[in-house]
Amino acid sequence: MSSIKIECVVKEGYRIGESPVWDEKESALLCVDITGRKVCRWSSVTQQVQAISVDAPVSSVALRKSGDYVITLGTRFAALKWKEQLVTTITHVDKDKPNNRFNDGKVDPAGRYFAGTMAEEIRPAVLERHQGSLYTLFPDLSVVKHFDQVDISNGLDWSLDHKTFFYIDSLSYSVDAFDYDIQTGKIGNRRSIYRLEKEESIPDGMCIDTEGKLWVACYDGGRVIRLDPETGKRLQTVKLPVDKTTSCCFGGKDYSEMYVTSASDGMDKEWLSRQPQAGGVFKITGLGVKGVPPYPFAG
């Protein structure tokens, strides 16, 4: 085992840091601060962070094939032009649910943007249940709803052979798998592949490595765990110096670095004094595995 090193590279103290995505062209890490309502980009070259403020909670960001980015903003899919700091709405969902917002989102191997919704939280992980749905924005900008009755739509990724879609509804405390049709984007045959243990707390964001193993950030668990989706076994636990770890992705030149976002919302002064890096973004090196580059939205 190589020695694992963890450092806090973004010390901005986000309220709910989320959706880390590596932008290879910019040698930069994108992420969002949901309640802080901003999209952020940390340059690995200059170590500087740029941020664009938006007009609603922004919950995920993804690359776009034509350049720039797509985001989930409130209950909208939207396009973001970085230099112009310009946001344009692509389409609305959950129009009948004014208390909802998008949560995690990610682009599939065919360039479709998957993202799910949830009710606004009263406080962290406390909310009206079964209000969310899972959606796909297709490259032709049409939207399909897969299912509803979701509590907190969260981590998502696809197996290396593109035949399985992995998904987390946080309050089920389970990582689920679906059969996945790459041609159509349809999903089916839902099943649980891993149930979280008490000390792991709430499953949040997720990514996959080049060995086909899943990495799941554990909110309130202060860790990322590595799972084998075939056997349902936990292979590794990496603890972080903050409790509210929210999501993870691979990045860096060869995708051998892991980036982990975190949150500070819901922490009192005493808790924050014990964890001054809460809301920071962490870089983990020495894991000995690499990740899969993110797919860009094809629309």
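The backbone N, Cα and C atoms fix where each Cβ goes, and this holds for glycine too.
Given the structure is predicted, the values throughout are model-derived calculations rather than measurements.
What TrEMBL says about this one:
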type	residues	note
DOMAIN	16-264	domain 'SMP-30/Gluconolactonase/LRE-like region'
BINDING	GLU18, ASN154, ASP204	divalent metal cation binding site
BINDING	ARG101, ASN103, GLU121	substrate binding site
ACT_SITE	ASP204	active site, proton donor/acceptor
Along the domain 'SMP-30/Gluconolactonase/LRE-like region' (16-264), what average pLDDT does this model show? 97
Drop a 10 Å sphere on every Cβ of the binding-site residues GLU18, GLU121, ASP204 and tell me which sphere holds the fewest other Cβ atoms. GLU121
For the recorded divalent metal cation site, whose residues are GLU18, ASN154, ASP204, find every other residue on that chain with a C-beta no more than 8 angstroms from the centre of their C-beta atoms, and list them by sequence position. SER19, ASN103, ASP104, ILE152, GLY155, ILE168, SER170, GLY205, ALA217, TYR219, THR246, SER247
Report, as a single number, how many Cβ atoms besides its own are within 10 Å of the Cβ of ASN103 (substrate binding site). 27
Specify all same-chain residues, apart from the site residues ARG101, ASN103, GLU121, whose Cβ lies within 8 angstroms of the center of the Cβ atoms of the substrate site, ordered by sequence. ILE34, PRO57, SER59, ASN100, PHE102, THR117, MET118, ALA119, GLU120, LEU127, ILE152
Compute all pairwise C-alpha distances among ARG101, ASN103, GLU121, the residues listed as binding substrate, and give the largest one in whole angstrom. 11
C-alpha spacing of ASN154 (divalent metal cation binding site) relative to ASN103 (substrate binding site), in angstrom: 6
Measuring Cα to Cα, how many angstrom lie between ARG101 (substrate binding site) and ASN154 (divalent metal cation binding site)? 12
Taking all protein chains shown into account, the Cβ-based neighbour count within 10 Å for ASN154 (divalent metal cation binding site) is 29
Determine, to the nearest whole angstrom, how far the Cα atom of ASN154 (divalent metal cation binding site) is from the Cα atom of GLU121 (substrate binding site). 14
